[in-house]
Amino acid sequence: MMAEEGTQQLPYVRETVLKKRKVNEDWAIKNRERKAAKRQRRRDDGKGAIKRPEDFVREFRNKELDFVRMRTRLKVRKLPPAESLSSKLIFAIRIPGTTDLHPHMRKILRKLRLTQVLTGVFLKASEATMKRLLVVEPFVTYGFPNLKNVKELIYKKGRGFLDKEPFPLTSNDLIEKALGEHGIICLEDVVHEIATVGPHFKEASNFLMPFKLKCPERRLQMKKKPYKDGGDLGNREDKINELIEKLN
């Protein structure tokens with residue numbers, strides 16, 4: 001009996017699972033090295049940059065003008081109650097624009113996880129979210145995605161965080177490790193939680209990295225007016241699905 005207890009066999013793991021784990025580990029290492037090299041290149045490029053005094057003045061004026069326009073939007077525009085919206089799920093996209101952002105707007109974009117151009121995130125339609133989107137309206141467009149586009153975004157471009165490291169959504173084991181305590185154990189559960197805006201929507205959406213979208217054939221016009229007036233900014237409602245299909 002003692003000999004049998006001492007020679008207990010390890011649990012069987014399929015070869016395909018081991019190979020997939022090895023690929024994910026190699027990908028994570030290469031991704032860290034690539035990001036470190038990119039950060040170093042940015043530091044080296046920024047060392048030799050020299051700005052003229054008029055550049056500083058222009059940047060300051062642009063930031064203050066955007067801040068004044070933001071306060072005007074909050075005073076003039078009335079936000080509809082979240083209950084009256086046609087969907088509880090919002091997909092927001094950061095669109096090209098000026099880099100001279102006021103610190104307050106930069107802070108809101110960071111909270112929305114829209115710090116990079118042509119990235120998108122899923123958000124829950126609430127009064128706080130709608131107010132944040134109104135604050136940064138010149139730099140985002142958003143609307144209500146359908147189930148088809150939710151699935152395609154997650155299946156095609158989905159990547160998750162585990163221990164602060166990104167990984168492709170190719171392993172249900174990693175998804176279960178990250179979200180298992182919330183009852184989310186596979187990719188289909190992630191899609192369901194996002195599409196239905198379930199009780200653990202916040203955890204599922206924060207688990208997903210912002211989606212990196214491709215540049216459309218017709219570049220966004222970047223007219224400083226809402227989409228309903230012929231521009232590219234603000235709420236597109238159901239029309240966001242047409243843009244998602246172009247960028248996915």
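Cβ coordinates are placed from backbone N, Cα and C, and glycine is handled just like the others.
Where the annotation comes from TrEMBL, it is an automatic prediction and has not been curated.
Taken straight from TrEMBL:
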type	residues	note
DOMAIN	13-75	domain 'Large ribosomal subunit protein uL30 N-terminal eukaryotes'
REGION	29-48	region 'Disordered'
COMPBIAS	32-41	compositional bias 'Basic residues'
DOMAIN	90-140	domain 'Large ribosomal subunit protein uL30-like ferredoxin-like fold'
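Mean model confidence for the domain 'Large ribosomal subunit protein uL30 N-terminal eukaryotes' (13-75) is a pLDDT of 75. Within the same chain, residues 165 sit at least 6 positions outside the compositional bias 'Basic residues' (32-41) and bring their C-beta atoms closer than 8 Å to a C-beta of that stretch. Helix, strand and coil counts under DSSP for the domain 'Large ribosomal subunit protein uL30 N-terminal eukaryotes' (13-75) come to 56 helix, 0 strand, 7 coil.
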